[in-house]
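So the structure is just underneath, and the comments pick up after that.
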Amino acid sequence: MTTIVSVRRNGQVVIGGDGQATMGNTVMKGNVRKVRRLYNDKVIAGFAGGTADAFTLFELFERKLEMHQGHLTKAAVELAKDWRTDRMLRKLEALLAVADENTSLIITGNGDVIQPENDLIAIGSGGPFAQSAARAMLENTDLGARQIAEKALTIAGDICIYTNHNHNFEELPSKA
């Protein structure tokens, strides 16, 4: 799987991810870009799960953003509705972490849209490790969002065999 982490702090929101793609217990590629910008660079998103499934979801989510003039929550809810009701989409196995300047959300394959506590998201196989590390740093340091995301991904990569140390990040200014 993978690790995606999103942190919002001090006027910044960042989503970072590792670059490992696996098939079973074999590493197939080490530099997959799982984090990207959407909707005229106003939304950042990361995926955990099947790569082909995630690219399909990115494309569908970007269409929803276009339909709803960039309104993140509305687009996420509409994607989740489609994901839940469309027979083909239900077979897709991926999670999305998405953020704009105001909101951070998790969109699940079950059709759920979750606004996380403390604006901290960590998904994928290394998610629990990254979340624990990031939460400790949020509560006990003055580090910025990018530094926290970097360190959380590094810790997850040290522990989770499906997460590597080839990281990619996208950042936006945050109003939240």
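Placed from the backbone N, Cα and C atoms, the Cβ positions cover glycine too.
The annotation active site is assigned in Swiss-Prot to T2. For G157, C160, T163, the entry in Swiss-Prot reads Na(+) binding site.
Distribution of Swiss-Prot features across the structure.
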{"residue": "T2", "record": "active site", "DSSP class": "coil"}
{"residue": "G157", "record": "Na(+) binding site", "DSSP class": "helix"}
{"residue": "T163", "record": "Na(+) binding site", "DSSP class": "coil"}
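Considering only the binding-site residues G157, C160, T163, the residue whose Cα is spatially closest to the Cα of T2 (active site) is T163. Within 10 Å of the C-beta of C160 (Na(+) binding site) we count 21 further C-beta atoms, all protein chains included. Note on G157 (Na(+) binding site): other Cβ atoms within 10 Å of its Cβ, all shown chains, come to 22. Long-range Cβ proximity for T163 (Na(+) binding site), meaning a same-chain Cβ under 8 A and a gap of 6 or more residues, is found for M1, T2, T3, D18, Q20, G124, S125, G126, L153, A156, G157.
Other than G157, C160, T163, the residues of this chain whose Cβ falls within 8 Å of the Cβ centroid of the Na(+) site are, in sequence order, T3, D18, Q20, S125, G126, F129, L153, A156, D158, I159, I161, Y162, N164, H165.
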